[in-house]
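Below: one structure, written as C-alpha cells.
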Amino acid sequence: MKTNSEEQMIKLFGIPLSDKPRWQQFLICSSGFFFGYLVNGICEEYVYNRLKFSYGWYFTFAQGLVYIALIYMYGFRTKQMVNPWKTYVKLSGVLMGSHGLTKGSLAYLNYPAQIMFKSTKVLPVMVMGAFIPGLRRKYPVHEYISAMLLVIGLILFTLADAHTSPNFSIIGVMMISGALIMDAFLGNLQEAIFTMNPETTQMEMLFCSTVVGLPFLLAPMILTGELFTAWNSCAQHPYVYGVLVFEAMATFIGQVSVLSLIALFGAATTAMITTARKAVTLLLSYLIFTKPLTEQHGTGLLLIFMGIILKMVPDPNPNPKSSGSGQTPGKLERVKFEKEDDEESRPLV
C-alpha cells in the first residue's frame, strides 16, 4: 500500500486541488461547474427553442464524440486506466438509463411536474449513499433539513413562474422516479469509485463512461429514426455543429468540475450544488431580463438561502463515513478494506 505522500492528488485542468484549503477547492470546482452549465443553458436555449431542433439523443451523441476528442488531446490514454472496463459498463448503463427515462417522461409529464421531481434529486442521493458498498454514508439531521429547504425553495421559485399547474401521469411519475433513483445511484457510485481507488482521475471516469455509453445511444436513435432526421436537418444547417462543439467544450469543463466536486466533497454535497445552480440560473434570468419577482419567488429564495447556510453548519459529531465531505483534505487516503466487515469489503462492481 502506498503512503499518503505517494497518493494520487486530485487536479482540475492542471490545478492541484488536494493540498488547497477546502474553501479554495470548493470555489475552483464550483466556478468551473457554473461556467460550463451556464454556457450549456444558453446554447440549449438557442438550439432547442430558437432553432426548434429537439434531437436530444443525437446531440448527446455528438457531445460525447467531442468529449472523447478533448480528453485525448488532454493526454489521457487507456493504458493509464486504474479501474476495469466493467466498472464503467455499469456506470454508463445507469447514466443512459437515467437520460432515457428523463427524456421519455416528457411525453407524460408537463414541465412544472418534471421540475418538481428533478428538484428533489439531492434527497435520493443522500438516502442511496447509505446502501452503496464501500461508501455507507450517513448524514447528520441538519443536512437532511438543509436539503429539504433547498428542494422546497427551488420548487416554489420555479412554479411561481409556471403558467400551468403540475400535471401528473402515473406512467410519467414512474419514469421520472426511476430516473431519480438512477441519478442517485450514479452520483454515489462515482463517489465510491473515487473513494475505493483514489488513483482514479476525472479524465478516466469521463472518458470511459463516454466511450462505453455512446453505443447505448445508437439503439434509441435508430429505432426512433432520430439519427437520420437529425443528420438531414443538421446537414441543411451546418452551423449547428459549431454551436454543439462550443457547448460540448463548455460542458466538458463543467463535467470535469462536477467529478472533482464528487471526489472532494461527496455525491450529496455535489447534488446540492447542482440544485442550487438551477436557482442561480433562474435568478440571473430575472435580473438580466428584469422580470418581476413575486412574493412566492421571494419565499423560494429565502428557503434556498436558508438551506445553503444550514449546509455550512459543521457536524458536531464528525464521522469519516458521515456527511458528504468526500475525500479528506490534502493527500487522498485509501480505504482500508481489511478493517471493513465482509459486506463493506464486497467488490463495488
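The count begins at 1 with the first shown residue.
Each residue, glycine too, has its Cβ placed from N, Cα and C.
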Among ranges 83-103, 293-313, whichever one Swiss-Prot labels transmembrane segment: 293-313
Spatial neighbours of the transmembrane segment (56-76) far in sequence, C-beta under 8 Å, 6+ residues away: 47, 99, 103, 201, 203-204, 206-207, 210-211, 213-214, 217-218, 220-221, 224, 226-227, 230-231, 234, 241, 244-245, 247-249, 251-252, 255
Top partner of the transmembrane segment (248-268) among 23-43, 140-160, 205-225, 293-313 - counted as Cβ pairs under 8 Å: 23-43
Stretch of maximal Cβ-Cβ contact with the transmembrane segment (293-313) [cut-off: under 8 Å; candidates 140-160, 167-187, 205-225]: 140-160
